[in-house]
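**Q** A single structure is presented below for examination.
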Amino acid sequence: MRGRRRMPETPAIRKHVEIFADGACRGNPGPGGWGAVLRYHGKEKELSGYAEYTTNNQMELAAVIQALRALKEPCRVTITTDSRYLRDGISLWIHKWKQNGWKTRVKTDVRNKELWIALDEACLPHEIDWQWVKGHSGHPENERCDALARAAIDRHLREAATEE
């Protein structure tokens, strides 16, 4: 499924960047990692990060937020994720959440509200096309992002073990 988010009117849109992103968690919640691959004109940049106590959904959001923050100027962006939560949240639910003061239809706070706000802000300068792929289905970039996320967890768990 694809979702498109339009940016405000601006001069001719510039560069087209592809972002692939994934999050992982050991336990849910538990230690987590995220990975992203940014591609522009055949060149790739890999990003990853870690959180000590988090959820898989938080890591999915963090991956895209950090990837968008890495862009130095407004771009046309295609974001590919295996997270339906992320794809549906940004394409379908976020508009109502904002209208309702970041509350759900049953008047509770939106889960991961701070991350959704950060993602919304990170999206603003860009024209974004959201793509969904099935996770662990052999999609090369998604598999790479998953490996980056898992490696971030492993790296930090090893560091924590050697500090003890």
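Numbering starts at 1 and runs along the chain as displayed.
Positions of Cβ are set from backbone N, Cα and C atoms, glycine also.
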**Q** In Swiss-Prot, the Mg(2+) 1 site includes Asp22, Asp82. Which of Glu60, Glu73 does it also list there?
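**A** Among Glu60, Glu73, only Glu60 appears alongside Asp22, Asp82 as Mg(2+) 1-binding in Swiss-Prot.
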**Q** What are the other residues, in sequence order, whose C-beta lies within 8 angstroms of the center of the C-beta atoms of Asp22, Glu60, Asp82 at the Mg(2+) 1 site?
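**A** So the extra residues in range turn out to be Ala21, Gly23, Met59, Ala63, Thr81, Ser83, Leu86, Gly135, Asn142, Cys145, Asp146, Ala149.
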**Q** Can you tell me how far the Cα of Asp82 (Mg(2+) 1 binding site) sits from the Cα of Asp146 (Mg(2+) 2 binding site), in Å?
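**A** About 10 Å separate the Cα atoms of these two residues.
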**Q** Calculate the distance in Å between the alpha carbons (Cα) of Asp22 (Mg(2+) 1 binding site) and Asp146 (Mg(2+) 2 binding site), and round it to a whole number.
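**A** Cα-Cα distance, Asp22 (Mg(2+) 1 binding site) to Asp146 (Mg(2+) 2 binding site): 6 Å.
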**Q** Glu60 (Mg(2+) 1 binding site) to Asp146 (Mg(2+) 2 binding site): how many Å between their Cα atoms?
**A** 10
